There are 12 protein chains.
Amino acid sequence: MHRILVLHGPNLDALGTREPDVYGHDSLSDIVQRLERLAAELGVEVKSHQSNHEGVLIDTLHGARGRTDGILLNPGGLTHTSVALRDAVAAAGVPVVEVHLTNTAAREPFRHTSLVAGAAVGVIQGFGADSYLLGLRALAGHLAHAR
Amino acid sequence: MHRILVLHGPNLDALGTREPDVYGHDSLSDIVQRLERLAAELGVEVKSHQSNHEGVLIDTLHGARGRTDGILLNPGGLTHTSVALRDAVAAAGVPVVEVHLTNTAAREPFRHTSLVAGAAVGVIQGFGADSYLLGLRALAGHLAHAR
Amino acid sequence: MHRILVLHGPNLDALGTREPDVYGHDSLSDIVQRLERLAAELGVEVKSHQSNHEGVLIDTLHGARGRTDGILLNPGGLTHTSVALRDAVAAAGVPVVEVHLTNTAAREPFRHTSLVAGAAVGVIQGFGADSYLLGLRALAGHLAHAR
Amino acid sequence: MHRILVLHGPNLDALGTREPDVYGHDSLSDIVQRLERLAAELGVEVKSHQSNHEGVLIDTLHGARGRTDGILLNPGGLTHTSVALRDAVAAAGVPVVEVHLTNTAAREPFRHTSLVAGAAVGVIQGFGADSYLLGLRALAGHLAHAR
Amino acid sequence: MHRILVLHGPNLDALGTREPDVYGHDSLSDIVQRLERLAAELGVEVKSHQSNHEGVLIDTLHGARGRTDGILLNPGGLTHTSVALRDAVAAAGVPVVEVHLTNTAAREPFRHTSLVAGAAVGVIQGFGADSYLLGLRALAGHLAHAR
Amino acid sequence: MHRILVLHGPNLDALGTREPDVYGHDSLSDIVQRLERLAAELGVEVKSHQSNHEGVLIDTLHGARGRTDGILLNPGGLTHTSVALRDAVAAAGVPVVEVHLTNTAAREPFRHTSLVAGAAVGVIQGFGADSYLLGLRALAGHLAHAR
Amino acid sequence: MHRILVLHGPNLDALGTREPDVYGHDSLSDIVQRLERLAAELGVEVKSHQSNHEGVLIDTLHGARGRTDGILLNPGGLTHTSVALRDAVAAAGVPVVEVHLTNTAAREPFRHTSLVAGAAVGVIQGFGADSYLLGLRALAGHLAHAR
Amino acid sequence: MHRILVLHGPNLDALGTREPDVYGHDSLSDIVQRLERLAAELGVEVKSHQSNHEGVLIDTLHGARGRTDGILLNPGGLTHTSVALRDAVAAAGVPVVEVHLTNTAAREPFRHTSLVAGAAVGVIQGFGADSYLLGLRALAGHLAHAR
Amino acid sequence: MHRILVLHGPNLDALGTREPDVYGHDSLSDIVQRLERLAAELGVEVKSHQSNHEGVLIDTLHGARGRTDGILLNPGGLTHTSVALRDAVAAAGVPVVEVHLTNTAAREPFRHTSLVAGAAVGVIQGFGADSYLLGLRALAGHLAHAR
Amino acid sequence: MHRILVLHGPNLDALGTREPDVYGHDSLSDIVQRLERLAAELGVEVKSHQSNHEGVLIDTLHGARGRTDGILLNPGGLTHTSVALRDAVAAAGVPVVEVHLTNTAAREPFRHTSLVAGAAVGVIQGFGADSYLLGLRALAGHLAHAR
Amino acid sequence: MHRILVLHGPNLDALGTREPDVYGHDSLSDIVQRLERLAAELGVEVKSHQSNHEGVLIDTLHGARGRTDGILLNPGGLTHTSVALRDAVAAAGVPVVEVHLTNTAAREPFRHTSLVAGAAVGVIQGFGADSYLLGLRALAGHLAHAR
Amino acid sequence: MHRILVLHGPNLDALGTREPDVYGHDSLSDIVQRLERLAAELGVEVKSHQSNHEGVLIDTLHGARGRTDGILLNPGGLTHTSVALRDAVAAAGVPVVEVHLTNTAAREPFRHTSLVAGAAVGVIQGFGADSYLLGLRALAGHLAHAR
């Protein structure tokens, strides 16, 4: 059974209360529950972790080595500014899928490119909480193909 | 039952033979068959169309008005250069999901931004043929939420 | 009597239904009728043609050589991206006036410059359907001066 | 009867003598007379004012508030450099139409964008003195539609 | 008692009527009265002057030499485009504080940098009429420290 | 009584010893004491917190929700590089005022724009420790107006 | 005997009449005849096709797979704007040589780079109709070396 | 005898008191006197005019037509920002020589290019008051050659 | 005896396992041991610290004040994105030498410039673990010269 | 009989040993011999000269005036950086054809534009040693046409 | 008596024959003779040297140390591309005046900035051979002031 | 015993007299002596060569092939502008280490990137004469590892 780590970056702990017209009304725990239900259905195991700290995200990516088979990552605002996180993704040694709640291509220009995505398998953005579920399917599929 | 149009842009007719180390060995008809199986499972109807002509893609987007409920679009190389296609997406009057076989963020700089995505609901890229299947789920989910 | 070709580029066939808060409620045939009435008043002859295909627009520009005295062109989204259309305008051998329904300078940055305009006589933008009528007057006047 | 102010920016007092191969042989008073004849025909009233001073143009735009129904503005070289003039156009409280004698898109790169146009209704450029007459029609039409 | 000159640049004479949803409903004389009340409280003397003319602003900055101890300047749209005004600020020989009614960092990209600020002591922006009062306090404090 | 959180970003703990010719000789506790005295005078309550960790600043911004009425933020070097902090400011749900000890517009080019300011009410920069006091007044005033 | 496809892009059908001071007086059929004579001399077979449609050019590149050994391509104005054509060149599976009648490096800045050339074997530009003949020799030589 | 107009732009009235370590201790009247002495020596006539107003400089350039044979212009800070002044220089109908007290190439990046110089005969910068004297010689020489 | 702090930034804890074809097979503790042996030879004292947290790196730089004589810093991915770290380097009050395992000039464009280096004494990059040893020599030499 | 000078720029003396997977295994003297055989066939005379010195290349271009009828130039790395060499090409008074062994458009971004090509007749790149032979034919043809 | 070295950079040996409509019909020896006559008049000594080699120009600048009091330099095309020459100018230890025959600000964009000028006293450009004579006066004056 | 060539580029012959506050008081022969002493200690052989000529540096790099095992290169101002020198480094066939006396990252923006470094093993900058000694160690170490 593949073990998948779901990493939520800065400000995702505020989901549901944070600018709900932009990010929707689901809380992070709503999303985590939906991910767990889908994981059960797909026959994979998920563990979720959120942090507003770039360093904690990097630590967690490193710590996952050997204990996880793939990572679902929403880097939040770090997406556009963190080479260190990109390097951690490249260092993770397992496939990483990048997800975003919003369609960053339809927002401010400084959100139009991702420094992290170049080290990921792929990107899913714009489907609200569904981006996570699609990302989990994408990652599970990727792991299945790679067997 | 939601009717979904799948539009394949330039060079996707060459899938399977075209740079297989970049785009994989699946042919377009393999992908279409997989989409149809998933559509049956999801309870939606899909019709696929491929064209290397920007104009045909735009004509098809217009023609879909009133006959389709959502569109899955792989704009191919037009992604990065066509304001006309973006305008057609904005004019379509139904939700459009953009998909790519490859992770464009990990390729040449001229593929790092999409002119089309700003008018789409969201984007899925980097999962090979699975990008289409994930895109179909994303669109079906979006249509279900919007009901 | 001067013969004038009116060329409508991509997405203009969708006028009236396409984003009416941006492009207005007039259909393309409404505009064509208004152009014909004004042409009669000005003593010129107009023929209209719309295509979503860059290639058809170029073919038509070439085919007009020797059969038309001036061209009124709304290049749509190709305005900002098509060197081929610019070259066709330069190759047309007759004066070309560029028109836009919207004021492109007040929209997204990628609409702020025109690759085509450098080969045209002049540009009229921002007056909705009236942009065409003003363009017809401008072209008729230009032809009259040039006699 | 709509009252329209025609504002001529820097260097337009030198028309006729100034680089006639670029700007033509008509003087500013020739243009003003043609505008007055057309105004009579259209049933609107025009008043013209020229200044080489950005500040005077802004003062005049402010002073027009409540005394004019629309403004025809040729900002001259300020087009490409004046945020203050753009702000005055936005502050004018009446529709403003921007006109240029030359087709700025076909000249030096620093003339390819207009800082002012984003606050105007629309732009007409490239038809010599006719740009003004077309602009007057455009503005009269805009005022008529808005009634 | 420190003498402070308050200089209001282009379009600030139109405050109250000009785009009130952007700039608020206070008129310039309301602001001047509030500044005078605060000046009395702070034990400084203020004189206010508004002009839409870059040249008048520069003349006034020069004329203040020897007759004023500090300047509060809202350069309006000139903020982003005038090296001449920056030079006049540098030439003033007394400290200059730059203020803006709006938070220019949250507006169009061409308002995101100030050519003038590099020659000022500091900048205060985004607090409506309060920006002036805060600026007066900032300047009075700066003059007091410098004694 | 309004509760105001004062957040000091990276390197502000080193005030007084850090490049004193750039940042002055006041220590952070000097500033905090001056803020508390002013708060008493203004009838507001202030709590101060400093961290060199982007993540702690974001955590604190989130934790303040419902426990504070406004935030005074000096983002330090994160000003120019952190989309995550901007997002946290936008997510805070209370007004945020950005302050800087130095006039960043007069320093290196990479300090000339702020990624954070677009989500703030306004910005005050260049007045040394006084920037904080002015910021507290600005915020207290903003909260008073908003009542 | 190597089979070579010669593809002429937009506006090349207008050769001879189109801006003859830029593109010369030879018509496309003159060039085709000269190519055929040279092909005979070199012992290769040439087939020529012109289209103003990006889509037709892509279709033709795909259709050539397995029926041709090399392609001589003049992409016209698409050179500078079409990622889709570049992708088709990369997908062609046979060597492609890019030719231009004019020396694009000596023309407008938007002609100074080629999006297509990065996927071609090489480029020949600036020799009028001779560019094609040199391109044919280059391609024939390339095919001969590769044997 | 050639009549030469010497035009001094913004902030040059403050010479001698304005940042003397940058611009030197000579006042403008010192420079004018030196110019008059050199004019006598060269057998030309000079008239000097200074203004901080872009509009006055443009008016003066226009008014000089027919009354002057050449112009010596120090555009001050307008050098880098004024298309209107460039247009006035182009409209002047007589040769214009641009001079600067300082070597603008050794100052801030925004002073490294001149919008005005493209319409001038030539530029002299960096020699303090001597720049004017050299400019007068340059202009007198240019007029002598052109006879 | 000079006390030298060696600071290792993000992802350096993963050395040896992380992309070994890019970063080599040495672990961080191998490097630390080599540094300690060289320190003994050079007669300096070294202490090493690694963190993936920008904030911890900044805290450590501040905490070193008065307890260290120089710092050897590998900022990892923060090199290219952190103004806060640059500010901490400038605030450290002791010389800082920047080192990199890889030659960043030969990697992706976003690694070609360092925001941190402008505040350092110098930079050594490209020699794998030897970069650290060379950096220690450089720093020891710098401290010796400065005595 | 036309006399043609073949000029080889920096690093071309190292052909055959220099990065053979990029530049091929032919030495420069192999190329020279092939050029001489082709020259004999075409009835032209060739002289070859190689230098790693920009100055020698310029000297040779100047010295060729009156002694040569055309020049074949591979500017090597100077292609992208030397305005002086471009000026020498423009000064040569005879047609110059630029050639490159590799297809520079498919290499690093700093090789994508040529400063020299704007002053040449045309460019041939990407065909290895054949680029020279094609260039010789191109130049011989150009000279023949110009007769 | 001040000793002045006149250094002529690349392509200036071709003056008179090189693009005479751009650079004029005077040869370099004409200019040298005029410089010598003016030097006699001004009471200074001039020695002239021309080279097409950046290295020779640098050698000569170094060799002049202690043997010359000032340098008149026309860097030719190196103006826009040579940091090494700029460094040699900065290293010369005597004042350097940069001159150009043409007004580079009115030519191609790559000639609009000078890398060398930032290390010079000043620049004179656009007056043909007179630029040298004016430069000699400028330098003689500068040396006289500096005494 | 490894043979190492030390190449000093433009202006390094002027060390000691050239801008000593930037480059220090050591002469080049001082540095060469220190290098020789260190070489003896390290058991390698060094030969030094300085030239202000890009071409000589390239010739020397070529000539070293087969006669040297590694190269220590200070490209001086050519660092930032010479593709030809980069190509020669890539062609050298032996490892090259780039050194700089100053920390170029802390100087003018045009010194912030190196065109040469992408072809080198690594870079050492900012330690004055010590940069060379560190570079020699780095190179000796690199050669030892590679054995």
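Backbone N, Cα and C atoms are what each Cβ position is placed from, and that goes for glycine too.
Bear in mind that TrEMBL entries carry predicted annotations, made automatically and left uncurated.
Annotated features, as they stand in TrEMBL:
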- A:Arg18: site 'Transition state stabilizer' (SITE)
- A:Tyr23: active site, proton acceptor (ACT_SITE)
- A:Asn74, A:His80, A:Asp87, A:Leu101, A:Thr102, A:Arg111: substrate binding site (BINDING)
- A:His100: active site, proton donor (ACT_SITE)
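Structural mapping of features recorded in TrEMBL.
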residue  : record                             : Cβ neighbours (10 Å)
A:Arg18  : site 'Transition state stabilizer' : 20
A:Tyr23  : active site, proton acceptor       : 20
A:Asn74  : substrate binding site             : 26
A:His80  : substrate binding site             : 21
A:Asp87  : substrate binding site             : 29
A:His100 : active site, proton donor          : 25
A:Leu101 : substrate binding site             : 23
A:Thr102 : substrate binding site             : 18
A:Arg111 : substrate binding site             : 19
Close binding-site residues near the residue listed as 'active site, proton donor', where close means Cα within 10 Å, chosen from A:Asn74, A:His80, A:Asp87, A:Arg111:
A:Asn74
Round to a whole number and give the Cα-to-Cα distance in Å for the pair A:His80 (substrate binding site) and A:Tyr23 (active site, proton acceptor).
18
Given A:Leu101 (substrate binding site) and A:Tyr23 (active site, proton acceptor), what distance in Å do their CA atoms have, once rounded to a whole number?
7
Given the binding-site residues A:Asn74, A:Asp87, A:Thr102, state which is nearest to A:Tyr23 (active site, proton acceptor) when distance is taken between Cα atoms.
A:Thr102
Given A:Arg18 (site 'Transition state stabilizer') and A:Arg111 (substrate binding site), what distance in Å do their CA atoms have, once rounded to a whole number?
18
Would you identify the secondary structure of A:Asp87 (substrate binding site) according to DSSP, in three states?
helix
Report, in sequence order, every one of the binding-site residues (A:His80, A:Asp87, A:Thr102, A:Arg111) having a CB within less than 8 angstroms of a CB belonging to chain F; if no such residue exists, report 'none'.
A:His80, A:Arg111
Using DSSP with the three-state reduction, classify A:Arg111 (substrate binding site) as helix, strand or coil.
helix
For A:Asn74 (substrate binding site), the three-state class that DSSP assigns:
strand
Cβ within less than 8 Å of a chain I Cβ is the test here; which of the recorded positions A:Arg18, A:Asp87, A:Leu101, A:Thr102 meet it?
A:Asp87
Reduced DSSP assignment, the residue listed as 'active site, proton acceptor':
helix
Please give the maximum pairwise Cα distance, in Å and rounded to a whole number, for the substrate-binding set A:Asn74, A:His80, A:Asp87, A:Leu101, A:Thr102, A:Arg111.
24
